[in-house]
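These features come from TrEMBL:
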BINDING   GLU134, ASP165, GLN191, GLU239  divalent metal cation binding site
BINDING   HIS419, HIS497, GLU575  Mg(2+) binding site
DOMAIN    20-262  domain 'Xylose isomerase-like TIM barrel'
Amino acid sequence: MEWSIATCALGGSLEEKLLAIAQAGFRAVEIFEEDLAGFPGTPRELRALAEDLGLRIVALQPLRDYEGMPEPYRSRNRERALRWLDLVAELGTELTYVCSNTSPLALDDPEAIAEDLHALAEMAASRGLRVGYEALAWGRHVKDWPRAWEVVRRADHPHLGLVLDSFHCFVRNNPLPESTELPGEKLFLVQLSDAPNLLMDPLALSRHHRAMPGQGDWPMEAFLRAVLATGYRGVISLEIFNEWFRTAPPEWVAQDGMRSLKLLFDRLGLLLPPLPPGSRVQGVAFLELGGHEEDLEALKDFLRPLGFKPVARHPALEQELWASGSVRLLLRGDLEENPAQELPSVLGVGLSVTKAAPLAARAREVGLELLPREEGGPGFPAVRGVGRTRLYLVDEPLETALPLKPLGEPGSALKQVDHLTNVVSRFEVYSWLLLYKGWLGLEVNPVVEVFDPYGMFYSRSLRNPEGTVQIAINTAEGRETLASRFLQALGHAGIQHVAFQVSDLLAFAEEARKAGFRPLRIPSAYYRLLSARYALPTPFLERLEALNVLYDEDPKGGVFLHLYTPSFQGRFFFEVVERQNGYAGFGAANAGVRLQAQARELGSRTKG
């Protein structure tokens, strides 16, 4: 089977798009009409450019609002279709397709629609071309693939077939069943796109939220399995409309497209050779934090009230290991190569895995960057994470990978790392969803959208089945939002927020306060509203307020208590959480008040 991508999925000029598509490893491409319109050359010259890059043009698309129109539009459509087919032939492809008519003038006349498509197929056949018919979910009369297939059968022409797009199937809740009687030879093209589960008009969802397979919530494996059950073995093409993809470098988008297809076909056992199997991700082994000397001294003062204690030190380098419970923080000052803008920051995360080597091999095959072993750094295989962070693959104790000299026993206040957040640009959300799912095997939670005081905050989170590794991927619209300020300060994506889990948060908060801890201040009005929301006992509410602890419940009786530290030098912050009765969320109901409190702490809008 041949893999293709439509030029509408990428930003840039058509020349830039084609180069990126070829460099990503594609050998076929769909040309979108707007890209052809903006190309500074003839269709023959475009064909030559594609051939020079090793690309076959599989289709020119789409011919719009053609079928089922009253006169005089019907006759005019026949004439413009002839000219369109001339373009198709000049491009050197043998396929084009018609999207179901969206015009308010279109007639609900199956016989007329079939006659028009038959006539188009006749014109195409005289040029050695084929025509596909695709049902748009917002078509005037033909809105789904069963109706489109009915029209194609009625038209009954060997040069007319069906174009099947996963988006239009899923958004109409009418996926292709594996038991379908649709013959594979009448499928002329199959297009794939994923999307998040959002309550939205199909046209708006299509224009703004389409994504590569594996970047959304739809069962793409089941769809492709059903397609293959028809006997289809033709082109599989990615057709994505998403403005965030168009703002990204076209190389990133093309590489994501190739990666998504590799992962999808590998899950179905169809990729040859198959990807390395990887291994199970068990937890967070350590966090790597870095800064200049004065930063690290301030950071140690920041950590002590949270229960952290120094447990080991490197004999020659400026490195210390601090710990509380199973949480390990490697503090590093030996970072001459890091740009000053990046410090202080969370430099990396050590992921505890059953076997590091297979995961490193899998990372390489899906296009992640394997980093060279850093002199003086943790001696584990490392992969480039978001921005310039490192994801270490840890299958042995940290103490054995670094020559650390013991200093003392760890603190006992914390249990483990509960979750951490990556703050990224909007397009990178899609990339890292795909990578965390496909590379590490994490499961995706639903979309969360929250109002930041200065914009909109958007989050997707992932977890392993045990819940011992949880990663949120956050982005925001608005340059003054907390996430945007973080990106501007660091200069690129990174880790902004780490949450630690405890058994008794209120007891922890009281002990931390005695040790000098000052939490993020939460307004009294929040607790008045909390009382109205949950009818909590007054003494309990008063204790929450005194300790600046936030509270949430889920419909199943789960309870979530959490508090936040102030931001450390505007770069990152910590959260401490307690989960009761199987609560599995992240306190999204409190995100708005937390963001407002952090905005007050960091000051109002930046000047200038």
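Every residue, even glycine, has its Cβ placed from backbone N, Cα and C.
Note that the coordinates shown come from a computational prediction; the quantities given were computed from them, not determined experimentally.
If you average pLDDT over the domain 'Xylose isomerase-like TIM barrel' (20-262) in this model, you get 97. The divalent metal cation site, placed at the center of the C-beta atoms of GLU134, ASP165, GLN191, GLU239, has further neighbours from the same chain whose C-beta lies within 8 angstroms: VAL163, LEU164, SER166, PHE167, HIS168, LEU189, VAL190, SER193, SER237. Each of ASP418, LEU420, THR421, ALA472, VAL498, ALA499, PHE574, VAL577, PHE586 belongs to the same chain as HIS419, HIS497, GLU575, is absent from that list, and has a C-beta within 8 angstroms of the C-beta centroid marking the Mg(2+) site.
When the C-alpha distances from HIS419 (Mg(2+) binding site) to the binding-site residues GLU134, ASP165, GLU239 are tabulated, the minimum falls on GLU239. Other C-beta atoms found within 10 angstroms of the C-beta of GLU575 (Mg(2+) binding site) number 22, with every protein chain shown included. The Cβ neighbour count for GLN191 (divalent metal cation binding site), using a 10 Å radius and every protein chain shown, is 25.
For GLU239 (divalent metal cation binding site), applying a Cβ distance below 8 Å and a minimum sequence separation of six or more within one chain yields ALA6, CYS8, ALA9, GLU30, ASP165, PHE167, GLN191, LEU192, SER193, ARG210. In the three-state DSSP classification, GLU239 (divalent metal cation binding site) falls within coil. Separation of the C-alpha atoms of HIS497 (Mg(2+) binding site) and GLU134 (divalent metal cation binding site): 45 Å, rounded to the nearest whole number. Recorded residues GLU575 (Mg(2+) binding site) and GLU134 (divalent metal cation binding site) have their alpha carbons 50 Å apart, per Cα-Cα distance.
The Cβ of ASP165 (divalent metal cation binding site) has 23 neighbouring Cβ atoms from other residues within 10 Å, across all protein chains displayed.
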